[in-house]
């Protein structure tokens, strides 16, 4: 079987990456590695992801980094408890996983009061054209009616 060359086509989207910045996280367990890992696993479960494995590390004196590897790609987190801040990536491939639900679960569990969500379609050729990334901030927790999240997923008008 001959290997087919990749066509660099800007409309060939292989996945969506949500880059989420959660600010003013008020949950007191924000530096508890077991609770952060369980929160990430719960976000993956509620998003209908197929969990493969997870790995988390607790820094000294504070802070946690971790990743949940899923069949559909990954969820990653880095926390700065001293700032009440978490950086989260939700990268999804295919149309089974609900990345928005993962974002909602993490925002709620961490007690985030403000957020910034960037959305990027990942795929073949699009980066060369610079057409794929956009961001929007919100001054409220991410919930089921979050206009920021709807916008990041291409379902809203861009009003936070």
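From the backbone N, Cα and C atoms, a Cβ is placed for every residue, glycine too.
What you see is a predicted model, and the numbers here were worked out from it, not measured in a lab.
Annotated in Swiss-Prot:
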type     : residues : note
ACT_SITE : 73       : active site, schiff-base intermediate with substrate
MOD_RES  : 73       : pyruvic acid (Ser)
ACT_SITE : 78       : active site, proton acceptor
ACT_SITE : 93       : active site, proton donor
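The Cβ of the residue listed as 'active site, proton acceptor' has 63, 64, 65, 86, 87 as same-chain neighbours under 8 Å, each 6 or more residues away in sequence. For the active-site residues 73, 93, the ranking by surrounding Cβ atoms (within 10 Å, all protein chains) places 73 first.
Distance from the CA of residue 93 (active site, proton donor) to the CA of residue 73 (active site, schiff-base intermediate with substrate) is 6 Å. The secondary structure of the residue listed as 'active site, schiff-base intermediate with substrate', as reduced to three states from DSSP, is extended strand. Residue 78 (active site, proton acceptor) falls within a strand segment according to DSSP.
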